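Listed in Swiss-Prot:
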- 537: active site (ACT_SITE)
- 624-663: compositional bias 'Basic and acidic residues' (COMPBIAS)
- 607-663: region 'Disordered' (REGION)
- 81-84: motif 'YLYF motif' (MOTIF)
- 53-73: transmembrane segment (TRANSMEM)
- 77-97: transmembrane segment (TRANSMEM)
- 123-143: transmembrane segment (TRANSMEM)
- 168-188: transmembrane segment (TRANSMEM)
- 205-222: transmembrane segment (TRANSMEM)
- 225-245: transmembrane segment (TRANSMEM)
- 275-295: transmembrane segment (TRANSMEM)
- 340-360: transmembrane segment (TRANSMEM)
- 384-404: transmembrane segment (TRANSMEM)
- 410-430: transmembrane segment (TRANSMEM)
- 460-480: transmembrane segment (TRANSMEM)
- 482-502: transmembrane segment (TRANSMEM)
- 537-575: zinc finger (ZN_FING)
């Protein structure tokens with residue numbers, strides 16, 4: 001059953017590709033220039049070419065037929081192709097019969113065939129061909145009335161009966177007329193089929209729109225037609241034909257530079273229409289999806305597909321290519337200019353793919369560094385991919401500076417590549433810190449602060465680079481060529497990459513400063529108080545050699561409580577508000593619960609849970625990106641929720657951080 005479904009899926013795509021190719025050909029065909037060429041040629045007196053408007057109408061009819069073929073249900077589409085195949089077989093039978101009659105007229109032998117070996121060979125060959133045609137036609141049309149397709153065998157039968165050759169010519173024409181009448185009868189009997197199909201399709205569309213709406217109808221058609229795969233196959237066929245046409249006309253092998261130019265030129269030739277441009281967009285999306293899937297498979301193996309079976313990635317790169325192509329008017333340029341512009345757009349797409357690869361690798365690498373996994377192969381894969389993401393973007397930026405004149409788009413590519421390399425450098429530095437802490441007997445002090453400073457340095461550099469890009473874009477807009485699309489891109493880039501990042505970084509800094517001030521304002525527990533308390537930290541579940549005391553008389557590690565205060569300003573146990581003289585400006589707070597009577601220090605909360613009625617304070621959760629969240633990764637190999645075992649997990653900065661993140 002699975003094989004049948006796969007075959008149907010393949011047919012659903014393969015049978016619709018010709019309709020898109022027909023649309024592409026009709027878009028390329030200029031009717032006016034075609035008639036101008038006809039008028040200059042000897043065909044200008046042909047009545048068929050005297051009616052220009054008729055040809056224009058036929059041009060639009062071709063568009064309608066292409067759209068109908070594209071949207072037909074699979075069963076009707078298969079039936080239509082079978083009818084078309086039957087027509088081709090009948091034409092092949094006509095050609096076989098006509099060639100046989102011509103050969104007999106050339107040799108002019110009217111005697112018995114068994115006396116002439118050559119005549120017998122011609123008869124046998126034609127008879128076998130006609131039998132094959134008749135058999136195939138009856139199989140395709142699923143009928144046992146084989147005589148309906150055997151009219152072209154009449155000249156063979158007449159020759160077998162020693163009919164004169166002049167009469168055989170007349171019989172052959174009669175066979176052609178008879179077959180044509182059969183085709184006309186079939187078309188006439190099915191004349192109302194398209195109308196009935198259109199009527200039933202209209203009823204179904206109206207019902208779907210009334211019940212589910214236009215959006216559901218569009219999504220249903222999108223899934224039934226498999227639009228991304230369909231356009232990708234269409235573009236790959238165009239690209240393969242372009243490559244084949246080039247190599248079929250050349251005898252000598254091309255050099256490496258020539259092959260690169262051929263590759264770009266072929267891509268440029270295959271995106272000269274809106275249909276081929278959409279095909280390139282979906283092809284780039286699938287290529288990006290494949291690269292990102294291989295990246296995740298390289299890092300995690302088959303577990304990557306078990307944890308994340310549906311990777312909805314790759315569309316960002318395709319949409320980026322489409323926006324840039326529309327903005328720059330790609331399909332309206334000449335082939336050479338189009339190839340040059342495509343090279344720049346593809347650089348932008350590659351930079352986006354590298355950034356997506358880093359988004360996949362960053363949490364995996366940090367989780368591997370924070371875990372107790374000692375598999376050298378896993379560490380090698382993670383570090384090798386990070387080294388690739390460190391070197392390749394820098395090399396790409398260097399090549400762009402070498403071969404292209406600097407402008408706004410190239411500056412965006414170079415800045416994105418540099419930021420990717422810097423982010424990988426920060427990821428590797430944090431990974432090294434985790435590994436150093438793993439091999440030390442004692443935990444690294446202030447690990448959380450070190451990680452924060454590393455991330456803060458990267459965020460600051462990222463902000464400065466984004467600011468430089470905006471400044472360069474504004475200067476080009478003022479002193480250079482001004483466009484609406486360019487101004488919109490600068491505005492969007494300024495809002496998302498400058499303003500929001502600056503606002504987020506400032507809030508993060510204020511939250512951290514407020515947490516530090518709160519910790520400093522709390523009293524430090526003495527040795528006698530710790531011995532009298534004789535309990536573990538309720539955040540990290542580790543023994544307490546030093547602790548701070550909250551106003552509600554609860555004991556915590558200073559580092560653990562500080563990380564908790566990054567998230568919310570309440571006691572982890574009783575949720576009493578920890579007041580401080582310096583309130584965080586711009587961040588509101590909600591009413592908190594009063595301390596529960598008899599709340600004990602040894603109350604154990606599950607990870608990721610909250611007491612009934614308690615919600616996170618809006619606006620207090622820090623969102624600094626994937627790397628900031630990964631500094632609170634659990635050290636447990638099984639990644640299960642629950643309480644820590646103090647004997648199994650030694651006291652470290654990473655262990656303390658885990659409950660804070662889950663909170």
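Residue 1 is the first one shown; counting continues down the chain.
Note: Cβ is positioned from N, Cα and C throughout, glycine not excepted.
Looking at which of 168-188, 225-245, 340-360, 384-404, 460-480 has the most CB pairs under 8 Å to the transmembrane segment (275-295), the answer is the stretch 225-245. Remark: the transmembrane segment (168-188) contacts the transmembrane segment (77-97), by the rule of 3 or more CB pairs under 8 A. With helix defined as DSSP H, G or I and strand as E or B, the motif 'YLYF motif' (81-84) counts 4 helix, 0 strand, 0 coil. As a summary of secondary structure, the zinc finger (537-575) carries 10 helix, 6 strand, 23 coil according to DSSP.
Counting only same-chain residues 6+ beyond the ends of the transmembrane segment (123-143), those with a CB under 8 A from a CB of the stretch are 82, 85-86, 89-90, 92-93, 96-97, 99-100, 113, 149-150, 152-153, 156, 159-160. As a whole-number mean, the pLDDT of the motif 'YLYF motif' (81-84) in this prediction is 92.
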